[in-house]
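These notes are about the structure you will find just below.
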Amino acid sequence: MLYFAFGSNMLTSRLQARVPSATPVGRAFLQGHQLAFHKRGADGSAKCNAYWTGQPEHWLPGVIFRMDAAQLPALDDAEGPRYDRIDVTVQNDNDKPIEAFTYRAKPDAVMDGLQPTATYYRYVLDGAIEHGLPEWHIEAIRYVSRYALVTD
């Protein structure tokens, strides 16, 4: 099965610690969405969300991973109850549509004004760099560090 990662799970080593079968397939883009650090984690810090804007000019970059379906419960557990698993159609670099699943924050888990931990932030940034996501997206992630990061 194919998983579209856009937050900390883009970092291959982090995802493989949760889902050992996960192997990167390539970059992909989810239309009508933007990255937002506004999902409240269990520790009270910000986690990533695929924020639906509905605007066709908005594209959320991420990474497609292939994984064993038997490991899906482990990934669901790692993501926790404040995310919904949803089916999405993303586009790869060749504009080919790809059916995958991803996670979206439940509305009651979204809160403005949250900051990520420094460790979580590095997972997101390092994953984006590891997979060569567009520079504009990497710069947007770097911008988050201008705000106070929560000390781990």
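The count begins at 1 with the first shown residue.
Keep in mind that glycine also has a Cβ here, set from the backbone N, Cα and C atoms.
These features come from TrEMBL:
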BINDING   TYR3, PHE4, ALA5, PHE6, GLY7, SER8, TYR120  substrate binding site
ACT_SITE  GLU79  active site, proton acceptor
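Mapped onto this structure are the features recorded in TrEMBL.
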residue : record                       : DSSP class
TYR3    : substrate binding site       : strand
SER8    : substrate binding site       : helix
GLU79   : active site, proton acceptor : helix
TYR120  : substrate binding site       : helix
Per residue, counting other C-beta atoms within 10 angstroms of the C-beta, which of the binding-site residues TYR3, PHE4 reaches the highest number?
PHE4
Please report the Cα separation of TYR120 (substrate binding site) and the residue listed as 'active site, proton acceptor' in Å, rounded to an integer.
13
If we take the residues TYR3, PHE4, ALA5, PHE6, GLY7, SER8, TYR120 that the record assigns to substrate, their largest CA-CA distance in Å comes out at 20
A correct count of other C-beta atoms within 10 Å of the C-beta of TYR120 (substrate binding site) gives 23
Are there residues of the same chain, six or more positions away from PHE6 (substrate binding site), whose CB falls under 8 angstroms from its CB, and which are they?
LEU30, LEU35, CYS48, ALA50, LEU60, PRO61, GLY62, VAL63, THR102
When the recorded positions ALA5, GLY7, SER8, GLU79 are compared by other Cβ atoms within 10 Å, fewest goes to GLU79
The residue listed as 'active site, proton acceptor' sits from PHE4 (substrate binding site) (Cα to Cα, rounded, in Å) at a distance of 13
Can you tell me how far the Cα of GLY7 (substrate binding site) sits from the Cα of GLU79 (active site, proton acceptor), in Å?
11
